[in-house]
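Trainee: Once you've had a glance at the structure underneath, I'll fire off some questions.
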Amino acid sequence: MGNICGKPELGSPEEIKANQHINSLLKQARSKLEGEIKLLLLGAGESGKSTIAKQMKIIHLNGFNDEEKSSYKTIIYNNTVGSMRVLVNAAEELKIGISENNKEAASRISNDLGDHFNGVLTAELAQDIKALWADPGIQNTFQRSSEFQLNDSAAYYFDSIDRISQPLYLPSENDVLRSRTKTTGIIETVFEIQNSTFRMVDVGGQRSERKKWMHCFQEVTAVIFCVALSEYDLKLYEDDTTNRMQESLKLFKEICNTKWFANTAMILFLNKRDIFSEKITKTPITVCFKEYDGPQTYEGCSEFIKQQFINQNENPKKSIYPHLTCATDTNNILVVFNAVKDIVLNLTLGEAGMIL
């Protein structure tokens, strides 16, 4: 019997060859992880893609400094004033009356400012917005916001009007996350995780921007496709006859089954779950999915919608990785992105013949 503590044998030629193969795979895996991992954010307009990109900056790049936060003030003020103007105009269109003592404020918002707001939220303008937000007519109009185009952040900024109208106001990270501006062109966020470089590419989602998507399709490790769960009862900004959820389903089918992404991980973010959970208590998802006959609950409805998207996949060998998300909730996105990171890193290693 040989000495088990003696010098190890080199092994048979087969064992040596197998060991060399393993070392080669490890080298390939290390090389892949040291390379750049490209994540492509896709989805229709208003689905929350840009908010996800902002969260990556908060989570992985030390957030926004004061100068960067300050640069969002004008956007936030434009969102706030613009949203109130939308409500005032919608009230008139829907023939919902505004209190007599608030009609002058409504006129100033709708007529005097028009589309020429200069980005300065004066004390007088803030008071007009505060008074109108408390007006029963504006509240009734807000309850019917599925009938017109209103930013998701409207109520958040109206409720914060005293704070955001202070002379020394500096936007918080939450204020920045909720700010909305149309994404045009291509915006990239680069960050490091576990010695791997991630490049997240955000491309505008509205129809006019989608022609730019093809420029980003090469060397993509994973697609993160964002869908706004809460928009099952809304129409597109670009086309007021097309349901937003149906547009997202059609778009996901195209992206999921394109030859460009035949071997690319497909991650599905079912976003705005917080707004969705409130909305389904008032508006059934049958306004979009007439065939749905399940319970009108968050769990039942979200599971049904998730399955509708998974069913768009025509490749039985391709996996879809769905997640319910709230893009404005940093803790939720941290947890979800940790799962995404593990999926992506495992798939990257898998391509080299190794699994974590």
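Count begins at 1; order follows the chain as displayed.
Just so you know, glycine gets a Cβ as well, placed from its N, Cα and C.
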Trainee: Examine the ranges 24-37, 38-51, 94-107 and name the one recorded by Swiss-Prot as region 'G1 motif'.
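Mentor: Region 'G1 motif', as annotated by Swiss-Prot, spans 38-51.
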Trainee: Between the candidate ranges 115-120, 163-168, 235-240, 325-330, where does Swiss-Prot place the region 'G5 motif' annotation?
Mentor: 325-330
Trainee: Between 68-77, 198-207, 208-217, I'd like to know which one Swiss-Prot lists as region 'G3 motif'.
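Mentor: Matching range for region 'G3 motif': 198-207.
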Trainee: Do you know which of 13-21, 175-183, 292-300 Swiss-Prot annotates as region 'G2 motif'?
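Mentor: Of the candidate stretches, Swiss-Prot labels 175-183 as region 'G2 motif'.
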Trainee: Looking only at GLU46, ASP152, ASP274, the binding-site residues on record, which one has the least crowded Cβ, with the fewest other Cβ atoms within 10 Å?
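Mentor: Counting other Cβ atoms within 10 Å of each of the binding-site residues GLU46, ASP152, ASP274, the minimum falls on ASP274.
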Trainee: Give the mean pLDDT for the region 'G1 motif' (38-51) on the 0 to 100 scale.
Mentor: 90
Trainee: With a Cβ cut-off under 8 Å, give me the same-chain residues at least six positions beyond the ends of the region 'G1 motif' (38-51) that come close to it.
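Mentor: Contacts of the region 'G1 motif' (38-51) (Cβ under 8 Å, skipping residues fewer than 6 from its ends): 152, 177-178, 181-183, 187, 198-207, 209, 213, 216-217, 219-228, 231, 236-238, 244, 247-248, 251, 255, 269, 271-272, 325, 327-328, 344.
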Trainee: Using a 10 angstroms cut-off on Cβ to Cβ distances, just flag whichever of GLY48, SER50, ASN271 is the loneliest among these binding-site residues.
Mentor: SER50
Trainee: Within the region 'G2 motif' (175-183), count helix residues (DSSP H, G, I), strand residues (E, B) and coil residues, in that order.
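Mentor: Helix, strand, coil within the region 'G2 motif' (175-183): 4 helix, 0 strand, 5 coil.
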